[in-house]
Amino acid sequence: AGLFSWHPLLMALAFSFLMTEALLIFSPETSLLRSFSRKVKVRVHWALQLLALLCALLGLGVITYNKHLNGKAHFVTWHGLTGLLTVLYASGQCAGGVLLLYPKLMKNWTLAKLKLYHATSGLVGYLLGCASLMLGMCSLWFTALVTSVSWYLAMLCPLLTSLVIMNQVSNAYLYRKRSQH
């Protein structure tokens with residue numbers, strides 16, 4: 001396993017832990033930082049997302065190098081293709097997040113509209129990450145290690161967190177914004 005084992009570890013750390021925590025920072029019910037100012041929450045969100053992206057890029061680099069060493073084809077499975085798309089999307093989403101730190105760069109956009117688009121496109125990226133994790137759990141490697149009830153429990157984790165995050169983003173942005181029009 002050696003080098004390969006860093007791939008699932010880094011990707012799970014990136015998408016299951018860091019990104020989930022970065023999004024939950026804004027939850028009025030569950031955030032450990034709910035008594036902090038929005039500015040502090042934004043900075044912590046930014047730092048966690050940057051760490052998540054770094055872990056994802058490292059995880060992508062590890063698997064690419066491992067496949068190169070073993071003479072295996074790159075990005076030929078649904079998991080590989082979805083994973084690549086997810087890391088590229090997360091990179092773009094992080095770049096888009098910088099615009100929220102410096103909204104004057106987007107002269108024709110209101111801050112509210114930038115926040116709405118960042119939150120909804122971030123949700124799409126998070127769901128892509130969850131889909132990629134679930135596809136990875138269907139791989140021969142994972143199904144050989146994790147069997148029976150444990151496999152189903154592992155599959156429930158990204159499924160349940162994606163429902164929580166979808167609910168949070170919907171409540172914070174979509175329903176509120178729709179009712180304001």
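Just so you know, glycine gets a Cβ as well, placed from its N, Cα and C.
Please treat TrEMBL annotations as automatic predictions, because they have not gone through curation.
Along the domain 'Cytochrome b561' (1-176), the predicted structure has mean pLDDT 93. According to TrEMBL, the domain 'Cytochrome b561' annotation covers 1-176.
The transmembrane segment annotation in TrEMBL covers 6-26 (among others).
Positions annotated as transmembrane segment by TrEMBL: 46-65 (among others).
Per TrEMBL, the feature transmembrane segment maps to 77-102 (among others). Counting only same-chain residues 6+ beyond the ends of the transmembrane segment (77-102), those with a CB under 8 A from a CB of the stretch are 11, 15, 19, 42, 46, 49-50, 52-53, 56-57, 59-60, 111, 114-115, 117-118, 121-122, 124-125, 128-129, 131-132, 135-136, 138-139.
The annotation transmembrane segment is assigned in TrEMBL to 123-145 (among others).
Look at TrEMBL and you will find 151-175 (among others) tagged as transmembrane segment. Long-range contacts of the transmembrane segment (151-175) within the same chain, counting only residues at least 6 positions beyond its ends with a Cβ under 8 Å from a Cβ of the stretch, are 15-16, 20, 23-24, 26-27, 115-116, 119-120, 122-123, 126-127, 129-130, 133-134, 137, 142-143.
Same-chain neighbours of the transmembrane segment (123-145): 4, 8, 11-12, 14-16, 19-20, 23, 77-79, 82-83, 85-86, 89-90, 93, 151, 154-155, 158-159, 161-162, 165-166, 169, counting only residues six or more beyond its ends whose CB sits under 8 Å from a CB of the stretch.
Residues 33, 41, 44-45, 48-49, 51-56, 58-59, 62-63, 66, 83, 86, 90, 122, 126, 129-130, 132-133, 136, 142, 157-158, 161, 164-165, 168-169, 172 of the same chain lie 6+ residues outside the transmembrane segment (6-26) yet bring a C-beta within less than 8 angstroms of a C-beta in it.
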